[in-house]
Amino acid sequence: MLRTILGSKIHRATVTQADLDYVGSVTIDADLVHAAGLIEGEKVAIVDITNGARLETYVIVGDAGTGNICINGAAAHLINPGDLVIIMSYLQATDAEAKAYEPKIVHVDADNRIVALGNDLAEALPGSGLLTSRSI
């Protein structure tokens, strides 16, 4: 049996652009793509923290160092520039693989610059004002 588990996430990124007239996908700064271990064409889920929208699309690798997170195509009806989002990839693994796997968590600032890398699914960075879900 295979389980679907979190492969990686880019946490609390700020959407820089949303355009209906682009071919559907999400364009992500190459630095973030590589830090999260994503590849072009990979399926990702996007959760909009600002408005609660959720969607699935695929990754297009954008220019490195830009901080760009661009929502393209029909998804631009759901997610707007300035919205905070979590971009997540998933993978399938056996029980043994799933228990040993450490996801790639990429924490970014308001300009989508990497501020921390980790593998704790529920880590709240010190000073972020966020709470860990482990303490509920």
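Cβ atoms are placed via backbone N, Cα and C, with glycine included.
Residue density at Ser25 (active site, schiff-base intermediate with substrate): 18 other Cβ atoms are found within 10 A of its Cβ, drawing on all protein chains shown. Annotated active site, schiff-base intermediate with substrate per Swiss-Prot: Ser25, in sequence order, evidence recorded as sequence analysis.
The pyruvic acid (Ser) annotation in Swiss-Prot covers Ser25. According to its DSSP assignment, Ser25 (active site, schiff-base intermediate with substrate) is in a strand.
What Swiss-Prot records for Thr57, Gly73, Ala74, Ala75 is substrate binding site. Under the three-state DSSP scheme, Ala75 (substrate binding site) falls in the helix class.
Residues annotated as active site, proton donor in Swiss-Prot: Tyr58. Neighbours of Tyr58 (active site, proton donor), defined as other CB atoms within 10 A of its CB across all chains, total 14. Tyr58 (active site, proton donor) falls within a strand segment according to DSSP.
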Handout entry: Euclidean distance between Cα atoms of Ser25 (active site, schiff-base intermediate with substrate) and Thr57 (substrate binding site), Å
Key = 5
Practice task
Could you check which of these binding-site residues, Gly73, Ala74, Ala75, sit within 10 Å of Tyr58 (active site, proton donor), going Cα to Cα?
Solution key: none
